[in-house]
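Annotated in Swiss-Prot:
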{"type": "BINDING", "residues": "MET44, GLY193", "note": "substrate binding site"}
{"type": "BINDING", "residues": "ARG118, THR166", "note": "ATP binding site"}
Amino acid sequence: MLEQMHEALQRLRQEQPVVLNITNYVSMDFLANCFLALGASPVMSVSDLELEELIGLSSAVYINIGTLDHLFIQRAYRAVDLAVRQSKPVIFDPAGSGATKIRTEVSHHILSHATIIRGNASEILSFGDVPAKTRGMDSANATHDAKDIAVALASECLCGCAVAVTGSEDFITDGKRHATVELGDPLMSRITGMGCSLTGVLAAFRSVIEDSFEATRLGVEYFSLCGMLARERCEGPGLFKAYFLDELYAADFDRMRRYHNQ
């Protein structure tokens, strides 16, 4: 597994794929820095006027609805339509789906066109008939609560999509293959934008790995291992954020091996 991660990182740093981000304003800076630390080239666009050209240049399109308004919704819908026409993978983070009616409606609209969907348990549950508990952007459900919905979502997808339910443990599926990841550190949940940045990492990995399930699995594991290494170096969230970027960049697989082989 670590060898596959290493190969993916090498490809990212050799190819430096462009990833177009239609994302929220809260985590935009941290997200862009995560892409750069990996070796990818992020574009953080807020203009409809350049969408078609930028999608043509991009290897993947990442959409996150964390700070949506009517202009953002129009831009996201158009980006999805253009990405589908140009056969570009759409990586989707349904931030807050289930918390409000509009977020849930927008998420359902984008869902059917997504190549990878990454959300917490409550967000993924909002796509099924099971009542979800939310605390704004945070989940009040455990990962195992959303596994059946995740499998059903991935199974219904016609384009080989993958679904990741993330939390204290992570579950990844494409409807046929399943993986559970029990890595990471609780301090990661104390920093805004970590989930958004995880989805961005998945977009970067999908830019160089055609198989959506493998891209998602490797991306989740790499992100989680970097969190564990960053936690070794600090006690609180302020320094953790800086050390986490350092670990994304360092790709220290020798240190990762201690956790990955447990």
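Each Cβ is built from the backbone N, Cα and C atoms, and glycine gets one as well.
Shown here: features listed in Swiss-Prot, placed on the structure.
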residue	record	DSSP class
MET44	substrate binding site	strand
ARG118	ATP binding site	strand
THR166	ATP binding site	coil
GLY193	substrate binding site	coil
Cα-Cα distance linking ARG118 (ATP binding site) and MET44 (substrate binding site), given in Å to the nearest integer: 19
Integer Cα-Cα distance in angstrom, THR166 (ATP binding site) to GLY193 (substrate binding site): 14
Euclidean distance between Cα atoms of GLY193 (substrate binding site) and ARG118 (ATP binding site), Å: 13
Fewest other C-beta atoms within 10 angstroms, as judged across ARG118, GLY193, which are the binding-site residues: GLY193
Candidate with sparsest Cβ neighbourhood (10 Å radius) among MET44, THR166, the listed binding-site residues: MET44
